[in-house]
Structure formats: structure tokens, C-alpha cells
Amino acid sequence: LICKRCHSLLFTIYYVFLYGMKSLRSCSIMNVFQDAVCTLNTLQTNASALEQVKRERGHPQLQLQAMRGFLQRAGLKVEELDRLNIIHVTGTKGKGSTCAFTEQILRNYGFRTGFYSSPHLVQVRERIRINGQPIGKELFTKYFCQVNVKVDLAVIEVGIGGAYDCTNIIRRPWVCGISSLGIDHTSILGDTIEKIAWQKGGIFKLGVPAFTVKQPVGPMKVLQERAEEIGCSLSVCPDLEEYESEGSLSLGLAGHHQRRNASLALQLSHTWLQRHFLTGVLEFSGVSPAPVFQPSPAMIKGLAETEWPGRNQTLKHGPVTYFLDGAHTTRSMLACVRWFNEVTPQHERNAGGSMVRVLLFNATGERDCAAMLKLLVPCHFDFAVFCPNITEAIATCNADQQNFNVSVENMLTRCLDNQQSWRVLNGQEEKPEAELLIGGGLPLVAERHSDTLVFPCILSALQWISQGRDSILSNPNKCIIPLKPSINAKAAPLREAVSIHVLITGSLHLVGGALKHLDPALNS
């Protein structure tokens, strides 16, 4: 079995960074594109097989061996990846944002950039970016079979962990980075932050400079030991305020935590540029603070212009304002709550009238949902809405949004558990065990229990929350799921409020499914 993350990385290497042609059968680009995405989906590891892998955990290095085999079958050698001048980045939180900052900075220098990231939010093409833009549907289809290297550098985001992640077939990156560490994917990476740090440090390479943001004492010690064991330098990034700049550096991404990611990006891009413009081989050893320098105009501009949807993102659609953040660990949820509390007061003052706050939440896998929900209670939501990461409860759901790694039953059960947790956290009476409708299809009517509701899909949840006041969701082409009159009656505060503020969080897949409906540009 090939996990989708392995295959999408292979696709990046084989179908994007390399150019070539092969005839495809005569049909429309859209149909062939959908065929290609569906073919990728057949390579996802299904939920039961994934659970077996987690239980066994005996030979994680087999994934790297398999990845090398995939390259060979594609007619490529691992050595050829050295020509991509790679920046390799891992971490628990912030690695994607760090990559986005880094790519934008180096693109501002005029380099042709490649960028691999996972997961995608709306379309699988987002994982593969050339010069900051997802590869187009036509190119995705046209170059589905053959490729030649055509980028100046590649920014590669690790999927899970580091040591045994499929991206770690990279032998000679130019520089490595580690963003903030925390507890996540414990069944794969280990149940302590120190074990997780060992996995993350697995991307270090002999003689290749590595940088990390400030970490807790335990994991920092592990990273230092890994650097010494492998034979590379490890430098700790300074606070963003320490850089020699006239005034405060402006960031394109909201949230105080992004300042750590921006500092790491400055160090990664600065080191890559040094290697690019200097001749000879640089020697690196030891552990030390990263240098403080004066960011160039291209760096300053890059930090300010960086965009990374689904992370501390705000979308205003008339009276409805959406706050989207893919936080899915307790640490990242703390950052999300801090951001939400910082940005909403100004929006509320501008509204000049009654306001309703709504939480739209879902989380999957082994995440501690109750702990994350507990952090959200002080935000004082008027409604808490839960739904699975199913974009639409109809058969025509976009293939890009299909996920076979979690069963439908598991997703729906988790929603009901989350609803129960929210009620308990808010001191409400426990509800009786709910019937889970699976056999005959997804339930098409929302459940209402006090201030909490469970919906069968993201679209139905968004439609109920917006109550026809978001013109994009009111598009006649979108399916309207019928609700009981009693459910619609409960939404009176949403219809009467001057403004509705919706925080969508708990899962990047949830945020991506929401953006599919809220931002039509991402579907083009």
C-alpha cells in the first residue's frame, strides 16, 4: 500500500520539477484531471490498513526503501534530487508557514521556486507549487507521466516526523529547519515530546547547517544530540525583534506565533543565499545561536507578502465573517485562541450592533479533542456546531476532498463525542446516547441540543450558520439540505444579528472543506 503523502511527493518530483510529454487519450482536460486525482486516491492507505501499520510500527524504514523503489520505477535516481538545491523543513506546528515565508523570500530574489507541502486544503494541485502558484490543471494532466529538472530550488515540507518520512530520501539538502515541536501523531512518532524531537532531528544531514526555533529544554537537548550524532551544526533562531531592521517587520500571516516561523525562514533563506553566491564547500559543526543580521529589502518584502490560506485567515462575506485556522493540537489551539481574541474586538466594534459568535469544529485521529475544546470555552460562543470533514453529503463531492484514511463511522462518532464534550465543559446536562445513522447513508437533518448542533457535512453546517446571509453560500448551484422547521427556528439569533463571527478550527481538512465553499477562487 502506498500512502497518499508518499505518492504525492513522488508526483512532485516526477511530474512537476521535471518537464516532458506523453500522449494522453483524447478527452477534455477536466475529465483527465479528475481521472488523475481519482487515480491518486486509489493509492491512499485505507483506514483499516493504516491502523495495522500503527499497531505494528516495527520497520518504519521500509517507507524510505519503498520511496526509493518508486523513484526507480519512475526512471529517477535519488542522486538526481541533489540538483534541486533543497530546503528541508520539519516541525509539529508552523513548518508549512515557515516554508511559505521562505519560498516567498527567495522568489523575490528572482529564483524559480518549487514548493511541496501537505496536506492540501481544496485541491491536490496545491501541494505542488511553481513560483508560488499551484500547478494548473492542464499542466497537472499534461505532465502526468514524464519530467526534467527546471527549478532553481525546492522548498520541501516534511509530512509526518522526519527520520522515516517519505521526504527523507533527500540526501543533500542545502539547509534544514525545525519549527515548533509539540505532541502529535503519537502512535507513529512516540508519546513524548523528546521521542518526537528524535524523529524530527532525523532530517539532519552530515555537514548541512540546521536551524531551529526556540524549543523546550527536553526536546532541545535531543535535537542537539541528534546534530552531534549526525555531524551538523544546529543554530537557534533569535526572536524576530532582534533583527537589525528599521521598525517592526511586517508579516503577511496573522498571529503572534508566526514571528517564530518568520525568523526561521529568514535564517533558512539567508543560509541558502550564502551557499548560492559563495564558492567552495562550507563546513559546519557545533551548536550555537543563529546570527542576527539586517534583512534585505527582498526579505522584508517577502515576509510582508506571504500568503498561506487556512492559517489565521479572515474572510468577510457581508455580515458574516469567517476566522479560519487549522489548529489541531493543544499548543496550536492556544495560538489560535490568542489570535481570535486579538482580531475579533475590532471587527465587533466595526459592526456597531448585535453580534453572534459561532464555533465550527472538528478533529480527527488521536487528537485530544476535549483538551482543545476546553481552550475554546472562554471565547463565549453562542453556538457550537460540529460536522465531519465531508465537504458535501452528496455523491458529486470533489475527488480532491476524499480521504480514505478515516472511516465515515469514525468521523460521525467523533462529532457526537465532541458535542458531548462541549456540553460537559459548559456545565450542561449530558445528553442520551445518540443513534448513528450509517447504513442508509449520512443523516440529512441537523441535531439540536441546547446550543450545540451536529451536521452531516461542512456545506450543511455553513448554510445553517449563515442563514442565507452569505451570497456565496446562497449560490443556486449549491445543494440546499432540508432541515426541520424546529431547527430553522433555533437559528433566529443568526438571522437577527447585525454580524455573525464564525471560528472554523480543529482540523486543516475541515478548514479546506470550508474554503472550497467560501473561496471560489481556490476551485479554479
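Positions of Cβ are set from backbone N, Cα and C atoms, glycine also.
According to TrEMBL, the features are:
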BINDING   Ser118, Glu157, His185  Mg(2+) binding site
BINDING   Arg311, Asp325  ATP binding site
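Here the features listed in TrEMBL are placed on the structure.
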residue	record	CB count, 10 Å
Ser118	Mg(2+) binding site	21
Glu157	Mg(2+) binding site	25
His185	Mg(2+) binding site	18
Arg311	ATP binding site	28
Asp325	ATP binding site	25
Length of the line joining the Cα atoms of Asp325 (ATP binding site) and Ser118 (Mg(2+) binding site), in Å: 15
Round to the nearest Å and give the CA-to-CA distance linking Ser118 (Mg(2+) binding site) with Arg311 (ATP binding site). 14
Round to the nearest Å and give the CA-to-CA distance linking Arg311 (ATP binding site) with Glu157 (Mg(2+) binding site). 16
